[in-house]
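J.: Here it is, the structure, as structure tokens.
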């Protein structure tokens, strides 16, 4: 038995031109386990089709997952003696199907060889392994037909028994254009080199050979040549892409399901639960010798059992506890509610009530809650004796029931009462934040400790955990600062502003001259551009001495003063998120906010293929989701010990701006059984920008949960979401696109740049601290991950990603410049002639220029509508450079600040950063040089150059004045579009003149 690896090289598209003539002659070289084979060269074709099968031997099939298949695309320059790199693809052997039927065509984007490689395009491959019981002997080497650099055909006699033949795809026109002399010359060179052999796959029946003129491909569409009007959509690993789904949601079924839940809870699948509300009991009998009773209730359904708290010495206990049993996991038709007495050795039986589930009523909101009833307790034989009564309510409901969040679910039966809150679903709201503006103007009559020394005063202001200082004022007892400090204050304004004036008596020594404590509630608010409140003088109190009496403090008549102006800025939006992912842009004041324009509905359905986060503890994953939009946070219920949780919870937000982002994160709960200082582990995060969603459309997709770790990019599973954006005010939404992104105050009186990042960090800390104090707490690690606290930290990976983003933008400009260069060099004479005609028309009728431009933009937009994105955006691993990041780069990205790495590693990273910064420095210097040359034209730094330029300008002014503008435009245009026969390869006179102008680079010290 012989194992073979089959690599079908089908085609490539949108390759990079490498031959200097706007094209390329590509061929593919496949390498596997020290075996190398090549395809035929396709002459001058940026979208070549090979349709060739290459066969490789698999020496050890068990080692195939550890092997790598490499496909490299080269540009054949001179009959194979020279080649240029066009891109490569590396495929792991563990993804290779073991049969041809399981294999599908995969399109792989071509990777770069280095950071600064300029590569584009993709290649289509079909790879699979086969069993070859009787491998045929390799065919004898056949001399290859002559193949010319200019493109030519070949003649080969195909054996009738060969099931697969190499097909000539070169056109007849290229064959005729090649000269006989070139054929003979290339034929001699071809015989001297080793001949490439294409092996065929053995088969029982010969496969009919397709004719060269017929394209025998129906599995994917061939990409055409690059078009300026087509949108370029970045490609990434298919494993990291979205998967569209069609779950049976009421919103998709258009309310045909006949269930009331579909009218309000239509983005999730209904999940039915058996609810048991244990309210209280009365007249319970005494069970202990001491005449007391410690009752608790046990609710049992099959193998599932829930227990209430036990109340000591209480014959009339009140529990008010709800239990929920999933209908999918019901193991019995009989519900047993038993009252027991807590005892040291064995709990005593008090009484019970039995319910037949077939008789349990069904309740669906908006029905009112089911009223609990009193039930007589029975003994074990079923007799209703004087064992007391218990108040219960039992019904069948769904996750839309208002009792769902507070219920004790059957899958959490082993969670203690103290930790049960950590598993419940909750809704949180961020505190309302304000900017506090404090202007330190001056101080008077400062009294230093050393009477003979003039103080160097500094004002230090503290608000909560925020501390800011002014600059050091001039020496004297009446210093003036006029410094403005900004802080973040949160309602209900429980903090105090502590203003301290200190004297700098030494490099690291400060003495307090006075202090004033001001309540934030006493600070006046300021709405929009109203006048700043009046400044006030405040008394500075000297720090109290130990043992000083309160009466002695009141005797103080003289005190130093400080002049302050304070206000709460209600017209700003406090930035507590990273700007690119903001979900709320409304001002702090409720009176300045606009009406909402729509509703955002999110259905958190389920997850699949989650990574086991607690494998070492013998568990899988205890997953919960957190969603954040605006100031509203939601947390789903924690589903215990499962890799495929099904939440099916739906939440709603009001939308004030469509250009905002909702963030959904998945975490592993480490506080099921206490946890102490343990941190909830992040599983992944999803962001969805609302402006990319069509209104009233339900999007249901599996989103990949990607997490970047020090050891590389990791996919921790997929999150199933249903999203719908409903617009309620179309006019306001359209008008919103013309309004400023931030409130008016951000533009009328912008916050200094040096304050913005610091204020954002403080706002994030306040939000995280406030939400961590809730019950159950939304923990700090989850809040910081959702708010991207470390977004501003240095990362070489992100820097490279941003560099390639800029290069991608500039590639469009480069394409336009190349198109204009092709027009000017008459590469396509027909197109150049048409441009000449269009140019003359626009010059003669200049009023058509703007209409032509806008009409062209309109046509491009209509054409691109066919290729618009059909799915919401998601995390792009390829765009983020996460797949190709070096391990050391990731280790540096996840390092703490300040660093904790050894000195040799820090030195290596510093040297690398210096190398990158050196290149940036060179580019910035070149840009500065060009700008300084432009300034030097009229600055007379080079008197001769300036004189030449002004005399030339005078001549041109006179010439343009006496000559009609259309004539000048036609002459300039025809000169720019002149034929290459009238062009020179040397730089033009204006370019030479500009490069000779002086710059300030020769004035710098190097």
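The backbone N, Cα and C atoms fix where each Cβ goes, glycine too.
What TrEMBL says about a protein is an automatic prediction, not a curated fact.
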J.: Would you please say which range out of 62-88, 89-115, 170-196 has the annotation region 'Disordered' in TrEMBL?
T.: 170-196
J.: Which is it, of 130-158, 217-245, that TrEMBL names as region 'Disordered'?
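T.: It is 130-158 that TrEMBL describes as region 'Disordered'.
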J.: Look up transmembrane segment in TrEMBL and report which of 802-832, 833-863, 864-894 it refers to.
T.: 833-863
J.: State the non-local partners of the transmembrane segment (948-977) in its own chain: residues 6+ outside its ends, Cβ under 8 Å from one of its Cβ atoms.
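T.: Distant contacts of the transmembrane segment (948-977): 823-824, 832, 835-836, 839-840, 843-844, 937-938, 993.
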J.: In the predicted model, what is the mean pLDDT computed over the domain 'C2' (414-538)?
T.: 89
